[in-house]
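In Swiss-Prot this protein carries:
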- 71, 73, 86, 89: Zn(2+) 1 binding site (BINDING)
- 462, 464, 466: Mg(2+) binding site (BINDING)
- 810, 884, 891, 894: Zn(2+) 2 binding site (BINDING)
- 1387-1399: compositional bias 'Pro residues' (COMPBIAS)
- 1379-1399: region 'Disordered' (REGION)
């Protein structure tokens, strides 16, 4: 009996265990098999009794009872009648929960087309039938007939006939001589008549024959969909529906409101319309109504069903009573409020609370202060169970009363319950995983949560009113995970870059900085102390000052780990700091025996973590926090107006710059420079002045002054705050005490007149007005930035969510080469910082001795990096996520170190999500601006390069000429200057601009800081390579050249104008030629004439008949008029790169190495071809718009990958021309550059993981003997699998090239349709998936969250691995049984097997 009662509580339907989910088109039989009955009436519930009407939309007979175990009429009540069907009201006695599961159906009187397959582009029905959407709609909505069987008439198959034509044809050929139909029936017949196998063969044959690219594409599309239907087992006619399923009533509820009205789901209205029209159609058909009426009714039925499935997809949107569009089934899934994102991926939790946060400086790092009131509420169930266990209450009700009265014993129990039970704290927005961390609660009075100051930077929290949420992990497993993985003490390093994130900030930093100052001449200087007690005594007695220079006997550890003592020169403050430092052989006193700025402290924490481990680090952090707070309070550092020092030389600098600006104005008036150049120069001059004033100010403020006694005076407070890294930056100090500087207009341009005053002196009205411009734009930007940054993160997470560490080693030998990143001669990212925590592919050897420094396959630690840098290794080839050969996921070796732990990465780590968060989280710190060139203030134009090393100069691709002024001029674009040190290893390489003046020559010795070359950053020259006299070609006044008078100055200059639009100007090719003594055009050494083509806006620098020498300037293009592209910076640039968009004015890249040849012009484009060096290759041709400046001449030699036209290269071109490694290097460097500008550190591997996900597809170039279609994009995994199958069968495999997809596209094309559908374009993804009968293997994180299983990462990964092993064993056993059965057919029962041992 007991067993039976227990069974009653079991779910009515058994829970399904599944590994994959398949989606396909439902056949009418399938829909009927789901249904529990047909819905015949549009009624919902009776208005008097509130009981559902029979056969209506809420019918209890079909969908089940309203109350648990009670039929509708009330004849059978209670459990004992379970499963009986009442003979009076025909309702089954069961749980009312079945009303959430049971479906119904509507039998349609006429078939209708499913709108998704009709209207979702490309139209699937249209593709299959090879008809246009317009024609299909004409048939479906009863405008035209379609001929199905022309018979012996002159009509064609599938010809459309209007009403009149149809009647005429019937008269002409007789009624039964041909068949033509109209409406969905016609389409259904057409679809039913398709013979897919035959169709596939015809299409393949047609594809072989056709030459037209467009036709080939169209056929490929059709072939793909025909294959999809063949392989998936879907039948084409199922896209036309004869039965409509009705979803369970509890999923479209009707709720009575007070006042006798009802709130209902929109679906009920939509279903009602379908039923009404369907019933009306049935009646009309029974009555044999005229054709036209029936047809109209059928059309209305089609529209009603369309609206039910996807309202507004076709025709006008159907609105409810309040003019609001009704929410159809498709809308239920779509968008942020849809089922996927709202309910499946955005579930809410039950046990949580939220409150304002306040600072808790006396907490330990792993603690948080939880208000008692809050804890009592959150831990209620635990308290009830403890009260019960202790016998203080017998029922829940009693326990509830005790808790409500807040009896003393309740508080004691709360203390017990809370002990060692971590809670999760979360601050929105949770931009990365450190936004949720676990703490042990400490009960406090009051109503605010106390937060430890050191975790603020991880949460990005401050105490100006921020709120935080508290969540309680309930199950034991959850508590365990919270403690082991999420405890704040486990999150010391930042997952994005491996630097400590538990770093003191603000007042702690200030206190530690003050503590570590050393000042000359303070009292007690030179005293000696043996231990801490003596030192403290002297301090309290004021015999010495905290900052006095003293000698101290320090007890450290030597290499062997023994205590060793030595004398050190230090200050009392630094000894106090040294006292909290853990003792370890690798940690010397020297790391804190200096002025402690924020960066230094971060370094110390890093060292302590690396050498002493986590526990010591946590204790150390808590101690320095206490020390910092205490000393900040003792120091009494304040902020006063007189601490801001306006530099004495300010006005002198301002006056000089004003004169300069006047000069530029004058030069412009004299016509020597253009308006744009003047603007550039003025802005440049002012930004330099502003920097100089800032330098002067910093110099004055940072100088230590002496007091009367000769001791060092106190350091300036504001300088201390800024220098320590506690608050404020030199830029802010410049505005306070230097000069406010240049301001930007809302458009992003820079206003020429700077703000000369600073805030201390006060701004004039005009200056104030100018500065409001920029300030307002800043605020508007911030609002936009947050939304954009969040969207970028969402796209990144979506593309990378299924990237998980699944195996130890994929065994690949591939990798990418890493070298230091050098920008304009300075090392921006050293080789060491880039390869730390990665695995080398090959042994790393010392270039001098060839000894192995690091063996291949070793994870490189800090010690290895030191050795590599000492040896001067320039390049290391490392394993990378990009080259990992695992099918799903990445292997440990290719990923390397887990940055947040400093150890090799673990199995099941969700590296994709970590990468996405690391890139997305700093997004809000990036700027939103697109820089317009002109503001040199943002774009410190480089006008020279100087050497950062001593050594010898080596010039590659050397071509230097001495011009008529005697300067050495660089004559080629690919000239590279390398500085080589005495051992012969390269120190630095610099690319030299075309037309630059060289200060050194090949083989010269160079000193540090010496200039190598300089050039004018604002113009691009066109230089001559020959000596001779100038001649003009096609430079006709008024046609291709004009003397423009500058309006404001009245000075003439000669500029090439756009000659293509003028009459008779289309064939002109304006050029400057160099003639010899005989008056003929000179020939150049490299072949070709000395003829220099001019592009629009070139300003001539020479006249006919002038004599020139090699290296002289013939014309110049002002970069402002060469319209150097807008520089997209910040967030938009990162998004552009990840979306792999083609940039505006993209560069044109040479696909092969060879010689440039100018061909005949084509309309208004220049034709350039490359004659390949390798004669087996075809020459390549490029058409370039005439106005674009091509800086190559006829006969120039280009390498593969060189730019023919300058600009940003399109990433697809880089991939096609130079391959994956170059593309990865380009994307990583470009993205890093944006983040570096903002001072954000992100490890390269995160970007590599995302780029790996962008390269998952392959475009088939030749299909071989496989089923793939040339030109289609296939998943890498699928491609390899199909090829392997082909090779196995002895067929020819397909070939293909990798394709780069932007992150949005890549997310929509993942193998999991669940993941794609919940991202964007839900309808399209689901339609596509259903047609293909796709199977979702549920491998990623997102799909598993949607179906409500453990995600296959972290703890879920180990579960998945255990299941894998179990499945393998099951298979072995079954195989073994089959074998035994085959051997001994007579044996009745197979013997039990000895199981193979578990792995």
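Any Cβ shown, glycine's included, is placed from N, Cα and C.
A Cβ within 8 Å of the Cβ centre of 810, 884, 891, 894, the residues given for Zn(2+) 2, is found for these other residues of the same chain: 807, 809, 812, 879, 881, 883, 885, 886, 890, 892, 893, 895. In this structure, of the binding-site residues 462, 464, 466, the smallest number of CB atoms within 10 A of the CB marks 464. Here residue 884 (Zn(2+) 2 binding site) comes close to 810, 812, 890, 891, 894, 895, 1252: these same-chain residues lie at least six apart in sequence, with C-beta atoms under 8 angstroms from its C-beta. Of the candidate binding-site residues, 462, 464, 466, the one lying closest to residue 86 (Zn(2+) 1 binding site) when CA atoms are compared is 466. Within 10 Å of the C-beta atom of residue 891 (Zn(2+) 2 binding site) sit 22 other C-beta atoms, taking all shown protein chains into account. A distance of 59 Å separates the Cα atom of residue 89 (Zn(2+) 1 binding site) from that of residue 466 (Mg(2+) binding site). For the binding-site residues 71, 73, 810, 894, the ranking by surrounding Cβ atoms (within 10 Å, all protein chains) places 894 first. Distance noted between the C-alpha atoms of residue 71 (Zn(2+) 1 binding site) and residue 466 (Mg(2+) binding site) is 54 Å. Taking the Cα atom of each, residue 73 (Zn(2+) 1 binding site) and residue 466 (Mg(2+) binding site) are about 57 angstrom apart. Shown are the binding-site residues 86, 89; of these, the residue with the fewest other Cβ atoms within 10 Å is 89. Cβ atoms within 8 Å of the centroid of the Cβ atoms of 71, 73, 86, 89 (the Zn(2+) 1 site) belong to the same-chain residues 72, 74, 75, 76, 88, 90, 91, site residues excluded.
In this structure, residue 891 (Zn(2+) 2 binding site) is part of a beta strand by DSSP.
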